[in-house]
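Participant: The structure under discussion is supplied below as C-alpha cells; questions concerning it will follow.
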Amino acid sequence: MHEMSLCESVVGLVEEEARKGGFSKVRTVVLELGALGHVEPEAMLFCFEAVGRGTIVEGARLDIVRVPGAGWCLDCGKTVPLTERFGACPDCGRHRVQMTAGDELRLKELEVE
Ligand SMILES: [Zn+2]
C-alpha cells in the first residue's frame with residue numbers, strides 16, 4: 001500500500017512547515033489529490049491516522065480535495081476534461097491528449113492552533 005509512504009511524506013512536509021511557522025499543533029491538513037492518480041482517498045485517511053500517531057498531526061483531520069483530471073488535446077488545441085489517464089478527447093475522440101491535471105498530491109492548506 002503506497003498510501004502509507006505518501007502519508008509519511010505528507011507528515012514530513014507538515015513537520016517542516018511547523019518548524020518554519022513555529023506552530024506545534026495542527027487542526028486540519030488539506031491535501032489536494034488528483035482524480036487520475038492511483039491513490040485511494042479512503043486509504044489515505046486510514047494511513048494518515050496510523051502514520052500520524054505520535055507526530056505533530058496526531059488528532060488532526062485530513063481533508064482531501066479531489067482535483068478533476070484535465071488534458072491538452074493536440075488536435076483540438078484546447079484543454080478538455082479527462083476521466084482516465086490515457087483517455088480519449090471527449091470532443092474529437094482521439095487519443096492525442098496530454099494530461100495537465102489530475103495527478104497531484106499537494107499540501108494545500110494547514111489549519112493550526
Ligand atoms: Zn480533441
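All positions are counted from 1 along the displayed chain.
Positions of Cβ are set from backbone N, Cα and C atoms, glycine also.
TrEMBL entries are annotated by machine, without manual review.
Quick paste from TrEMBL:
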type    : residues                   : note
BINDING : His2                       : Ni(2+) binding site
BINDING : Cys73, Cys76, Cys89, Cys92 : Zn(2+) binding site
Participant: Among all the protein chains here, how many other CB atoms are within 10 A of the CB of Cys76 (Zn(2+) binding site)?
Facilitator: 15
Participant: From the Cα of His2 (Ni(2+) binding site) across to the Cα of Cys92 (Zn(2+) binding site), what is the distance in angstrom?
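Facilitator: So the Cα of His2 (Ni(2+) binding site) lies 35 Å away from that of Cys92 (Zn(2+) binding site).
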Participant: Which of Cys73, Cys89, Cys92 has the fewest nearby Cβ atoms, counting only those within 10 Å, among these binding-site residues?
Facilitator: Cys92
Participant: For Cys76 (Zn(2+) binding site), which DSSP three-state class applies?
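Facilitator: Coil, per DSSP.
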Participant: For the C-alpha pair, I'd like the distance in angstrom between Cys73 (Zn(2+) binding site) and His2 (Ni(2+) binding site), rounded off.
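Facilitator: Per the Cα atoms, Cys73 (Zn(2+) binding site) and His2 (Ni(2+) binding site) stand 31 Å apart.
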